[in-house]
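Visitor: I'd like to ask you about the structure that follows.
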Amino acid sequence: MRLVILEDYDQASEWAAKYICNRIIQFKPSQGRYFTLGLPTGSTPLGCYKKLIEYHRNGDLSFKYVKTFNMDEYVGLPRNHPESYHSYMWNNFFKHIDIDPNNAHILDGNAPDLQAECDAFEKKIEEAGGIDLFVGGIGPDGHIAFNEPGSSLSSRTRLKTLAMDTILANAKYFDGDLSKVPTMALTVGVGTVMDAREVMILITGAHKAFALYKAIEEGVNHMWTVSAFQQHPRTIFVCDEDATLELRVKTVKYFKGLMHVHNKLVDPLYSMKEN
Amino acid sequence: SNKSVSDAPIVQFTNCRILRSHQLQREDLWVRQGKILNPEKLFFDEKGSADIQLDCKDSIIAPGFIDVQINGGFGVDFSLATDDFKSGIDLVSQKILSHGVTSFCPTLVTSPPSVYHQVLPQLSIRNGGAHGAGILGAHLEGPFISKEKKGAHPEHCLRTFEAGAFQDLLATYGSLDCVRIVTLAPEMKRSSEVIQELTQRGICVSLGHSVANLAQAEEAVQHGATFITHLFNAMLPFHHRDPGIVGLLTSDKIPMISDGIHTNPAALRIAHRAHPKGMVLVTDAIAGMGLAPGRHTLGQQVVVIDGLNTYIAGTKTLSGSVATMDTCVRHFQEATGCSVETALEAASLHPAQLLGIEHKKGTLNYDSDADFLMLNDDLYVQATYIAGEEVWRQDALGM
């Protein structure tokens, strides 16, 4: 893995956005040859989305030939509910960029047959040629997407019941009222994300530090599902200083020492204007 | 086509601040088929996107203004007996687009029954467009008002409905088909019956030109009155032992008050602070609005314009105003120090709520009629849109 450590949330968000920007532009997407991106929700990626929107507004990055697949969506929440992941993606990303609505895929948590919806999602990813870059986050319980502790590391897109840790973490979006938080969600599986050609996990904040430690310094374990990516050939963990608080000094020093190598991935920052 | 619901073109107004949920928000405004469109629904349900994107250069976008008390303008007097009412209405409705008014209630002051019988049948409720602002229905101010507070209304035309109550009113006006608002004095005998009948027919009853005490005013409200015509003017002044009509300001059941430009800024502030959600701005404009100072008619009277003041000729009795709606909005904002959002809502949302039409007018909510304005930060109207079409634009020369 690459462990890219930036000083604070803003710098981590910017590094991640630059990386995504460069990957898309270097791919040279065009009609019939789309760049496929897996996308997360939550508070962690907000800064990254803001930067991507900025690059788009400046004319440096277009999403015209990008297809996106979101990781998850709540079950039973009306699609236009302000806390649904559809609303999140619209307000924080889609409405500000030029993506074709036909290319923005999010699981439908109100589908009449939820498993069929999940199977159809897997099929859409397959038809799109697989995911080029899956961007994700980590829960305080070490989960990737809604693959809660105990999820099979070979799992595919399916219905999951949320763990208490996740419900507690999400209560802040529902006026702090636990009874209002959805208890189930549709989520891509650990196996689904592992199939991506490249994976980038964003981890910021001290409250995620223990999960990061479990994910990269301990063994592969279905109780900390992000640990599965130790076995992925191309994973990047982008974090801020606070997220490294539970890591060994040796680990942090080693990867900080590699920053000059890591930074070659984002510097120079490409622009579609040059093409 | 890229949409499943309709092939009609979708316009996205970008780089603007829109008035929504009582705040100016940095959001785009989407319009299709004359209505405000929900872009999120368009994106996820129809997989649609904009056909045209317009850069609004950081303008404020607000719902179009609704003027519920306007007696005429540009030389037209709505209370004049004429067989060609249509030309006058057409002229005024077209000219007020530049003031930001997208819907209005042509107002008739106290007149003889012959005038109502001749003029009202020529009025029709109609949608606005390039031809002019939409007509919501007439506002009949008088003749069932108090002699002591007649203001500029002609005394010989005042009437009571003591004898036949609602039937008297109906006989006087001839028809109520296109009437939206009636201003009357509630202390008049049998007013409660009349108010009830009018309210049952969906007509808004407003209290004004009256010497009613608080008890009489409250009774009127209980029977359905929901508005006060030009608060403070043509009514008893506030008295601490009997506040009269002014005392309705803080009641739950009288959400609406109106004021144009003829009130001391301090009085304006008091009214606004007592009832911020109930403030409805009107122009009470007369024929002289938009014309040079001098002599003009107002129904049966002659009035003189001197600056922003208009008086009955030879007197100091105020009679209507020549201030335009956008001037009223700016004056209100300045005098009360309220937010831009509040000032804009007093001329759009609140009049719409008064008339019970806020589900389609007076807001920029999804599925509302796309009647809106582009304004600069000083609240000068730069462009007027009705049903999503541009119907007026400030040209470079500022004309």
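Residue numbers in this text run from 1 along the chain shown.
Every residue, even glycine, has its Cβ placed from backbone N, Cα and C.
What TrEMBL says about a protein is an automatic prediction, not a curated fact.
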Visitor: Among B:ALA138, B:ALA152, B:ALA163, B:ALA165, which residue does TrEMBL annotate as binding substrate at the site that also has B:ASN233, B:ALA234, B:ARG241, B:HIS262, B:LEU318, B:SER319, B:GLY320?
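Guide: So the substrate site in TrEMBL includes B:ASN233, B:ALA234, B:ARG241, B:HIS262, B:LEU318, B:SER319, B:GLY320 plus, from the candidates B:ALA138, B:ALA152, B:ALA163, B:ALA165, B:ALA152.
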Visitor: Per TrEMBL, what member of B:HIS117, B:HIS230, B:HIS239, B:HIS240 joins B:GLU141, B:HIS209 in binding Zn(2+) at one site?
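Guide: The one candidate that TrEMBL places in that Zn(2+) site: B:HIS230.
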Visitor: May I have the list of same-chain residues other than B:GLU141, B:HIS209, B:HIS230 whose Cβ is within 8 Å of the Cβ centroid of the recorded Zn(2+) site, in sequence order?
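Guide: Going along the sequence, the neighbours come out as B:GLN69, B:GLY142, B:ILE145, B:GLY151, B:HIS153, B:THR183, B:SER206, B:GLY208, B:THR229, B:ASN233, B:ALA234, B:ASP284.
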Visitor: Mean pLDDT over the domain 'Amidohydrolase-related' (B:60-391): what is the value?
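Guide: That stretch averages a pLDDT of 91.
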Visitor: Within 10 angstroms of the C-beta of B:SER319 (substrate binding site), what count of other C-beta atoms is obtained when all protein chains are considered?
Guide: 27
Visitor: If the substrate binders are B:ALA152, B:ASN233, B:ALA234, B:ARG241, B:HIS262, B:LEU318, B:SER319, B:GLY320 per the record, what's the largest distance between their Cα atoms, in Å?
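Guide: Largest pairwise Cα separation, rounded: 30 Å.
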Visitor: Within 10 Å of B:HIS230 (Zn(2+) binding site), Cα to Cα, which of the recorded positions B:ALA152, B:ASP284, B:LEU318 are there?
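Guide: So the list is B:ASP284.
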Visitor: Would you say which of the binding-site residues B:HIS230, B:LEU318 has the most Cβ atoms within 10 Å of its own Cβ?
Guide: B:HIS230
Visitor: How big is the Cα-to-Cα gap, in Å, between B:ALA152 (substrate binding site) and B:HIS209 (Zn(2+) binding site)?
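Guide: So the alpha carbons of B:ALA152 (substrate binding site) and B:HIS209 (Zn(2+) binding site) sit roughly 10 Å from each other.
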Visitor: Using a 10 Å cut-off, grab the number of neighbouring Cβ atoms around the Cβ of B:ARG241 (substrate binding site), all chains included.
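Guide: Around B:ARG241 (substrate binding site), other Cβ atoms within 10 Å: 6.
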